Amino acid sequence: MPITVIGSLNYDLVTYTEKVPEAGETFQANSFENHLGGKGLNEALASSRLLPEEYKGTVRMIGNVGNDSFGKELKQALVDAEVDTSFVQTIDSQSSGVAVILVEEETGENRILITAGANGELKPTEEDYEKYFPETKKKASKEKSVDFVILQNEYPEPLETISWVKTNRPSINIAYNPSPFKPELVNSNTFSQIDLLILNEGEANAVASKLFGKTYEEFNELAVQLSKLINQDNICTVVITLGSKGSVFVSKRSESSSDTASFVPSIKVAKVVDTTGAGDTFFGGVVSQLSVGSNIEEAVKFATVASSLTIRSKGAAESIPTYEAVKKERS
Ligand code: RIB
């Protein structure tokens, strides 16, 4: 299947508040809502919803839920978005993953605490990987693969996945967002196996500090340096998101030189309601468009509009737009 997402599914318990309390302080918030989330689930929904109609049914999710009502809702949301859930397992001994989220109403910025629950049991074995990615006939050597596996750090062993896929199915593009950031997972060997690296400015500098021993003020330059570190075959692309400013990218597949980064500005939004899931929408947006043959510049522009729609309403999964909604917004 062209897009496989491996990762977390969380039930998001979201409190909307004027301010976040200090340690020891009790503060009266304004409202509370349940939403669906988890970086893995958000990325799977984004990848699927952001595909044109004729490509629906080409995204699948690998993950775990608990044997509880949260788990059923999370799985159903994927089914409703036409994501294949054959490899979403229900773990009897665990509850579904949960995220406790505080959203500051003035800015829409969030603070997130996650409890892994069933996500913590997602530790695929060699046998599992063979099942997920059965060997298929090799594509003609000139034909570049547009198959992707999307990964983040919300399950226990993403580095094992990266290593297995790159060793055994090298033509699949590994798309990785090192979030939530874990310094112990950053090493040059792993990064040399990644094909599409998407990270925010904080994560980019945290990686730089670990691998280059310094941080950068110029994200263009950092994107170029990171692009030299990742796998030089396949799609070989780095995107650094810069929040309300926009994003920069460098790609071997881009028409412009891979020695300079290109900048895509953000879309100005009158009122940012909730930024939760914006990064996941952007990630799914870039991969979905690349998987159907768009060039990187078009994919980043499309994903920028998609995530600008996500932040206009509450919740992560529920606010991820469709392909048609993004098209309409751009017209
Ligand atoms: O990226 C946003 C997501 O992070 C939320 O949906 C929450 O579940 C956490 O995983």
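Cβ coordinates come from backbone N, Cα and C, glycine included.
Matching Glu154, Glu157, Glu160 to the substrate binding residues that TrEMBL gives (Asn10, Tyr11, Asp12, Gly38, Lys39, Gly40, Leu41, Asn42, Asp280) identifies Glu154. With Thr241, Leu242, Gly243, Ser244, Lys245, Gly246, Gly279, Asp280 listed by TrEMBL as binding ATP, the candidate from Asn173, Asn187, Asn189, Asn200 annotated for that site turns out to be Asn200. Straight-line distance linking the Cα atoms of Thr310 (K(+) binding site) and Glu154 (substrate binding site), rounded to a whole number, equals 21 Å. Taking Asn10, Lys39, Leu41, Asp280, Ser319 as the candidate recorded positions, the subset whose CB lies under 6 angstroms from any atom of ligand 1 consists of Asn10, Lys39, Asp280. The Cα of Ser319 (K(+) binding site) lies closest to that of Lys39, out of the binding-site residues Lys39, Asn200, Leu242. Looking only at Cα atoms, Lys39 (substrate binding site) sits nearest to Gly315 among the binding-site residues Ser244, Asp274, Gly315. In the three-state DSSP classification, Asp12 (substrate binding site) falls within a strand.
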